[in-house]
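Colleague: TrEMBL feature annotations, pasted as is:
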type    : residues                                       : note
DOMAIN  : A:53-149                                       : domain 'Polymerase nucleotidyl transferase'
BINDING : A:Ser58, A:Lys61, A:His149, A:Lys169, A:Tyr178 : CTP binding site
BINDING : A:Ser58, A:Lys61, A:His149, A:Lys169, A:Tyr178 : ATP binding site
BINDING : A:Asp70, A:Asp72                               : Mg(2+) binding site
DOMAIN  : A:163-280                                      : domain 'tRNA nucleotidyltransferase substrate binding'
DOMAIN  : A:303-420                                      : domain 'CCA-adding enzyme C-terminal'
Protein chains: 2
Amino acid sequence: MSSSHSDIEKVVSAIIEKVKPRREDYERLRQVYDTVSQLLTECLGPLNREFVISLQGSVAKDTFIRGEVDIDVFVLFNPQQVDETWFGSEFVNIVTECFKRRNYEVRLEYATHPYVTAVVDGVEVNVVPAFRVENPKKIISAVDRTPFHTEYVVKKLSPEQRDHVRVLKLFLKAWNIYGAEVAVQGFSGYVTELLVIAYGSFDRVLKAATKWRPYRTCIDIEGHYPDERRCIERFRDSVLVVVDPIDPDRNAAAAVSIKSFALFKLLSYLFTIKPSLEFFDKPRTIVPSTWSRDIHDRLRAIGSCLIHLVFKVRKPIPDAVWGQLRRVERVLLNELKSLRLSVLAIDSWVDKSLSRAIVAIEIADCDKEFEVHKGPIALDLDNALRFLIKNANALAGPWLGYDGRLYCIRKRKYSAYEAVERIAKKLASLSVLELERVESDIPTIANHDFVEWLYGFVFRKQFERIARIMEST
Amino acid sequence: MSSSHSDIEKVVSAIIEKVKPRREDYERLRQVYDTVSQLLTECLGPLNREFVISLQGSVAKDTFIRGEVDIDVFVLFNPQQVDETWFGSEFVNIVTECFKRRNYEVRLEYATHPYVTAVVDGVEVNVVPAFRVENPKKIISAVDRTPFHTEYVVKKLSPEQRDHVRVLKLFLKAWNIYGAEVAVQGFSGYVTELLVIAYGSFDRVLKAATKWRPYRTCIDIEGHYPDERRCIERFRDSVLVVVDPIDPDRNAAAAVSIKSFALFKLLSYLFTIKPSLEFFDKPRTIVPSTWSRDIHDRLRAIGSCLIHLVFKVRKPIPDAVWGQLRRVERVLLNELKSLRLSVLAIDSWVDKSLSRAIVAIEIADCDKEFEVHKGPIALDLDNALRFLIKNANALAGPWLGYDGRLYCIRKRKYSAYEAVERIAKKLASLSVLELERVESDIPTIANHDFVEWLYGFVFRKQFERIARIMEST
């Protein structure tokens, strides 16, 4: 079950061939940066404030994937001269106007504070205001750390390793665990870079990952902590700890969820056993014309059903929307469980324009009016008594099962749909989402992207290609 | 939630009124015993072997329930003169002939060795051959202990306590946990007597039982063991230990199953909270004329089904038949579980003439062709890989669930019926049972007793009356 080193090398070389930028890519990016830099100098000059224009992000670090790039241009100010509110009240307006005057497409975006995105020569350029500080201990806003990150990564990564970062990024992207945003809860670009710095190469990162243990692994490149135990204690709630080399109090991998962690670990294991180019393909769900019938047949096969919460998005801030959607999922899971309804799958979809969101739930045994209800063990006398009294009118039982527990068959309090509707009504304080309706079956939404997503949600063939590759192991 | 002492006393007095034999009962039993004793003396005298005729059992101990009595007449031989094979080859024939000549109904029965049961004046009389030994350490056959048991109980029980034994016996009988036979696996008459000796009265037995812990309780009246721990160590596999006062190496309660134990403990608790005459009523299942439709409706309510193994009984020995039926149940439970079929209930029925036996199984979700299959957690890499490969062709998935486990929806290997049929075929070495057929639905058996049993099996309303009594608590 072990692959030879040359198998891995072959795959990695092929992927490098695909992700490594060409000379013309660099030239084009350089031109875009020069254009933006010049424009900003012109527009910001008259303000009479010190600033330094600086290239940041994956272009500065040369770890971007060919064809998948935006440029981060930081404008670093003297914190003595401006403050963060000034970024929002003045800077973004000046920059927006500046780009608009030259007929560039431009929009306002929000991270820790607002910034401007312009499209220049087909390339997205993020113009981010930040403070210029002496060292990482003195940062004012979170983005002020970025120049130090860039400096560190540039210093540490060899040219070969930069290609390995690109390979790792593509691997993560293919499985939708690239990025620290709430929608993904995966591995940021910076974490990807740190992993290659820590382990040396793409394949060594994957080999190491197969040994990671959730809440028990600390990657501390600069040795800021005396030992792993002390490091883990400091970041108790983190699934994975990658100590930020320029700020030992920060876990660069704090966004990684247990699900992303488990998926990456499993994929790493599968890849090291059977390296294959297919690990790097983003699966496209091909929705057959019979999709609606397929979904119904699939649900009927085990007697489950689909229920959807359809929301209008009030504020198109991705992290806020996804944060609330995940919260809705958690609440639904817990409340449905306490009503003894078994959730087979739950996930959320948001349309591209960020105007509508849907939480989809698949519930098992929806068609049943009655349920087998498992009670306490008979030896737990108080609870056994309560169970007997409460279920005196059950359809069958209460009876003492061969496992020593009490059971009965009783009417369900709520149907699956009723239960979801009740829980949905209780979900009041959703600031960025507004519940429009609860729909069962396939919701009446004319959106091909949603249908594609729903088809994937119902069939959940996430590992199909990989399983087929592994079969020949 | 606590009952007053007088509530319990009232119920106990009423039950004593019901179970205490009247003068005429004693007279009649004495007459029957005299008749049998005289007859045996006549028939066995010519053999020229020493013997002593001795009254044993609940009549000798005066702990029998009025109207529910058989008489145990022991014929004690000198072990120097006869051996156990002689009991089977000579004794039973002579006694059988003896009774037959006088036109008494008579039949041969088997316990540890054969004995004869005759019906005299409407009373069943068991004529049991045994050896007369000096003390319990010298017994040759298991029944040789009986005279020592009788002697001990007679010496220890006060007249009031004998009535409490009767009350306890009726309580146990009402819930079908009276008797050490395999069909019951409950509390023998002797254990019932020892419990009243140990705790003093019916209600004190019940109060004590609410504190019993399975595999952790030792009742050692004569203090044969230095402490409870040592006693429990000696009888490691016993759910409940009642040390036989006349043989410290014997657990008189060895037959008590965990289910009987749990049921008795729970009932004891319920009775002490709410003493009621209804605890002493054996529930009669009233089968409505709509029984067949009721059963179908009940099964349809949760999508379960009934499957039956119908056996011909080869040898009508109750303990052997029940022993094998319970083994069949265990095997079915385990094998169906390993095929991921969920057994809701399993039990066996034997007809009164001991010629036919049926194991009935209720299986959940019989109608489903597909099942949700729960795999390993994704972090368990080897097993996760195996799961992915094995289920590459699943209807849905494999997918990574929100609980970190892999899942898929796949076709069932066998339908419930096919699975039971396969397991039944493998159950080869059943010496006293012969599998006739496997039937689904309601088997084609014209037997009212079976229908009554099946109706009870499907609705399992064992605690119905009690739950209603407890409701007003």
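One-based numbering along the chain as shown.
Just so you know, glycine gets a Cβ as well, placed from its N, Cα and C.
Quantities reported herein were computed from a predicted structural model and do not represent experimental measurements.
Each of these features: where is it, how hidden is it, and who are its neighbours?
Modeller: Regional average pLDDT for the domain 'Polymerase nucleotidyl transferase' (A:53-149) in the model is 92.
Secondary structure at A:Ser58 (CTP binding site), as computed by DSSP, is helix.
Annotation note: A:Asp72 (Mg(2+) binding site) sits in a strand segment as assigned by DSSP.
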Colleague: Work out how many Å separate A:His149 (CTP binding site) and A:Asp70 (Mg(2+) binding site) at their Cα atoms, rounded off.
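Modeller: The Cα atom of A:His149 (CTP binding site) is 17 Å away from the Cα atom of A:Asp70 (Mg(2+) binding site).
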Colleague: Comparing the binding-site residues A:Asp70, A:Asp72, which residue's C-beta has the most other C-beta atoms within 10 angstroms in this structure?
Modeller: A:Asp72
Colleague: Out of A:Ser58, A:Lys61, A:Lys169, A:Tyr178, point to the one nearest A:Asp72 (Mg(2+) binding site) in space (Cα versus Cα); all of them are binding-site residues in the record.
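Modeller: So, spelling it out, the nearest of the binding-site residues is A:Ser58.
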Colleague: Who sits close to A:Ser58 (CTP binding site): which same-chain residues at least 6 apart have their Cβ under 8 Å from its Cβ?
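Modeller: Expected: A:Phe64, A:Val69, A:Asp72, A:Gly189.
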Colleague: Report, as a single number, how many Cβ atoms besides its own are within 10 Å of the Cβ of A:Lys61 (CTP binding site).
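Modeller: For A:Lys61 (CTP binding site), the 10 Å Cβ neighbour count is 22.
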Colleague: Rounded to a whole angstrom, what is the C-alpha distance between A:Lys169 (CTP binding site) and A:Asp70 (Mg(2+) binding site)?
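Modeller: Rounded to the nearest whole number, the Cα-Cα distance is 15 Å.
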Colleague: Per DSSP, how many helix, strand and coil residues does the domain 'CCA-adding enzyme C-terminal' (A:303-420) have?
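Modeller: Helix/strand/coil tally for the domain 'CCA-adding enzyme C-terminal' (A:303-420): 36 helix, 45 strand, 37 coil.
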Colleague: At the Cα level, what's the spacing in Å between A:Lys61 (CTP binding site) and A:Asp70 (Mg(2+) binding site), rounded?
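Modeller: A:Lys61 (CTP binding site) and A:Asp70 (Mg(2+) binding site) have their Cα atoms 13 Å apart.
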